[in-house]
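Novice: Here it is, the structure in full.
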Ligand code: ADP
């Protein structure tokens with residue numbers, strides 16, 4: 001236990017798998033956690049010593065480790081470093097590897113997403129370096145605190161490494177994004193060669209990353225690419241709220257792909273393409289030239305239906321080259337992996353042929369043409385293990401063929417021997433067989449033994465069983481040596497040849513990575529084209545400052561209804577009219593409309609076509625959103641607080657080139673607070689930011705702003721009443737809505753009819769009374785209209801004020817509020 005505690009103290013943040021004979025044991029809190037997560041039995045060490053413990057057999061530990069790492073734990077593997085039989089006393093033990101969510105190489109890796117490990121360091125700014133160890137990708141950038149969190153939201157690392165100098169509050173914020181934070185201080189002062197071309201300040205983060213991986217994995221990292229430095233400002237800026245609210249790659253509620261923008265772009269054919277697609281969605285471009293390049297290639301693909309189809313068929317035959325290459329360089333690729341690599345590069349000539357037909361730039365395939373030849377010798381159906389032979393085809397290597405021949409001939413000889421011995425002895429059931437302990441033998445069953453003279457036939461008895469005797473002969477012994485020798489040599493030689501071949505493949509790493517990257521891009525572009533054709537998208541045009549969408553649709557919502565059902569809408573915003581204030585009953589389609597404008601802008605800038613009949617767009621530098629009531633339960637913030645944080649982010653960072661989507665600001669607080677905040681925000685955006693803005697509201701008072709703010713116009717989503725029922729037209733029209741139809745929506749929600757009827761009566765009374773009161777009050781006071789509000793407040797002097805103060809408006813339904821109001825009014829009558 002002393003040894004255990006000493007080792008555990010060095011690995012506090014890991015679950016320590018402590019090797020004891022054939023088991024890995026866990027103790028104390030580790031045991032409690034592991035027993036719960038792995039559903040294994042928790043025991044006590046012994047009665048005197050009630051330390052909680054649990055264990056897993058070492059030969060099946062892999063699955064358990066993967067499960068823990070998958071759940072976000074780190075696992076330290078502590079092995080016995082000496083043979084217990086050879087030492088007296090305590091066996092030496094050491095941690096030989098630490099497996100963490102960011103450093104897993106195989107097993108449970110999801111092929112549809114990258115698995116990033118990120119290191120963050122700080123001087124005046126933040127420096128981040130992140131790598132996917134399974135593919136060798138390494139990226140580096142430098143940013144402010146604000147952008148750091150945007151980056152974290154799009155990269156979604158599975159593990160973050162910081163050094164001790166990063167301050168506590170920041171760590172807490174990071175903790176909200178991933179729970180797997182490793183505090184690590186670079187021990188060695190070695191600068192990895194991959195960081196050589198970086199600006200000096202950025203090298204620290206790469207160094208931290210590498211040092212962490214080498215100390216936890218205890219292997220070298222030559223397969224990691226040279227760092228690629230990028231500027232976050234080269235992409236459209238989407239903060240974490242926008243990414244979440246717009247459901248780009250993950251739905252808000254279920255955190256799944258269903259219902260997201262990514263789910264629309266589901267026509268990729270390769271795992272690399274799928275991962276890159278996700279990145280393209282998370283990082284729309286902002287340079288017109290880059291975007292147009294993508295659009296042009298999509299246009300070419302659209303024009304070539306048959307070529308696109310054949311291209312898609314070919315891409316479907318391409319395996320995950322990035323991860324295969326990662327395994328080759330990491331030294332854990334098997335023969336199956338290399339066969340997959342071979343199939344993949346065999347597709348290249350055909351792919352290039354198709355690209356030429358379409359006049360698209362081809363893939364640099366010549367660089368690896370020798371590789372396909374090199375891999376021809378591999379057996380297509382090779383086993384997973386590389387230590388049991390069966391890896392190469394006949395003809396790959398002369399000596400190998402000779403051994404095989406010898407082994408095969410030996411077996412042939414054995415079956416012939418069985419035949420001749422049967423004839424010689426006249427025993428038809430005589431068998432020539434093999435087992436691991438005794439080698440080859442001749443077996444004669446008991447029934448045949450009574451008249452059998454072993455010596456006569458030159459048989460020597462080797463083993464007696466209850467119902468048979470086993471013998472050997474000189475000849476058989478000789479052949480045995482030959483056969484076993486050949487098989488052993490065969491397996492050894494295959495293994496050696498395989499390692500040698502893998503080394504040769506390694507030389508192609510860089511070329512293969514380039515090819516993989518190009519194939520991934522091509523896959524994304526054909527995906528864009530396929531999706532555009534399938535869903536009737538058009539190519540967007542970029543201009544300086546105007547947004548004009550004709551017949552635009554929400555790409556996700558339109559998919560869940562039939563074509564006729566979805567009502568397309570226009571949207572126009574320019575430098576003179578840059579704020580649309582949207583009113584309309586609940587459920588009429590306000591959010592859908594606003595989201596679709598944001599999604600279309602993102603799609604356009606990622607290089608895709610868009611769901612419109614024509615689309616003209618400016619290049620947005622950033623998109624901000626404040627949508628829906630998604631309680632941020634994870635970080636423990638209330639709905640209203642999240643609302644204000646989202647709004648703050650927009651007001652602080654938006655420019656005249658940004659797009660702001662504000663859906664129902666101020667809902668989470670009392671009416672007057674909410675209304676005042678909403679109006680103040682609109683005025684601020686109008687006067688200071690001038691960003692293109694869509695602002696939906698249920699505060700009717702705000703529609704008056706059109707008169708004072710020249711850049712603002714009212715629009716509404718139409719609904720109409722027909723025979724007492726509300727019909728949603730989902731059509732966006734100029735002007736403000738006249739009626740909020742709240743009770744109609746309640747009716748749709750199937751509230752008891754009595755409640756609906758009563759509410760209608762109350763509403764009618766309320767409307768009449770308020771008009772009468774107003775007239776009365778105005779007349780009796782002899783005041784003109786502008787002074788009227790002041791007077792209404794005087795009514796509160798009647799002692800009702802206290803009752804009103806006590807009301808918890810945020811917790812009341814509109815109906816309850818109406819009832820309360822009537823009660824108060826009755827008291828005043
Ligand atoms: P609001 O924000 O006004 O409460 P939503 O945008 O949430 O309304 O829309 C409510 C529902 O109306 C959506 O779930 C969708 O099914 C439907 N809807 C919205 N816009 C359209 C449209 N343009 N055409 C057809 N149905 C629509």
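Note that Cβ sites are derived from N, Cα and C of the backbone, with glycine treated the same way.
What TrEMBL says about a protein is an automatic prediction, not a curated fact.
Annotation source TrEMBL lists ATP binding site at 584, 585, 586, 587, 588, 589, 590, 591. Under the heading domain 'DNA mismatch repair proteins mutS family', TrEMBL lists 658-674.
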Novice: Looking at the domain 'DNA mismatch repair proteins mutS family' (658-674) alone, can you tell me the average pLDDT?
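Specialist: Here the predicted model's pLDDT, averaged over the domain 'DNA mismatch repair proteins mutS family' (658-674), is 83.
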Novice: Tell me, by DSSP, whether residue 590 (ATP binding site) is helix, strand or coil?
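Specialist: Once the DSSP labels are grouped into three classes, residue 590 (ATP binding site) ends up as helix.
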Novice: Could you tell me which of the binding-site residues 585, 586, 590 have their C-beta within a distance under 6 angstroms of some atom of ligand 1?
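Specialist: Near the molecule: 586, 590.
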Novice: Output, ordered by sequence, the same-chain residues six or more apart from residue 590 (ATP binding site) with a CB under 8 Å from its CB, or 'none'.
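Specialist: When sequence neighbours closer than 6 are ignored, residue 590 (ATP binding site) has 582, 583, 584, 663, 696, 717 within Cβ distance under 8 Å.
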Novice: Would you count the other C-beta atoms found within 10 angstroms of the C-beta of residue 587 (ATP binding site) for me?
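Specialist: If we count other Cβ atoms within 10 Å of residue 587 (ATP binding site), we arrive at 18.
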Novice: Take the mean position of the Cβ atoms of 584, 585, 586, 587, 588, 589, 590, 591, the recorded ATP site. Which other residues of that chain put their Cβ within 8 Å of it?
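Specialist: Apart from 584, 585, 586, 587, 588, 589, 590, 591, the close residues are 696, 717, 719, 728.
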Novice: Would you mind splitting the domain 'DNA mismatch repair proteins mutS family' (658-674) into helix, strand and coil residue counts from DSSP?
Specialist: 4 helix, 5 strand, 8 coil
Novice: Counting every protein chain present, what is the number of Cβ atoms, excluding its own, within 10 Å of the Cβ of residue 589 (ATP binding site)?
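Specialist: So the number of other Cβ atoms within 10 Å of residue 589 (ATP binding site) is 24.
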Novice: Of all the binding-site residues here, 584, 585, which one's CB has the most other CB atoms within 10 A?
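Specialist: When each Cβ's neighbours within 10 Å are tallied, 584 tops the list.
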Novice: With DSSP assignments reduced to helix, strand and coil, which class does residue 584 (ATP binding site) get?
Specialist: coil
Novice: Among all protein chains shown, how many Cβ atoms are found within 10 Å of the Cβ of residue 588 (ATP binding site), not counting that one?
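Specialist: Looking across every protein chain shown, the total is 25.
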Novice: Among all protein chains shown, how many Cβ atoms are found within 10 Å of the Cβ of residue 586 (ATP binding site), not counting that one?
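Specialist: Result for residue 586 (ATP binding site): 18 other Cβ atoms within 10 Å.
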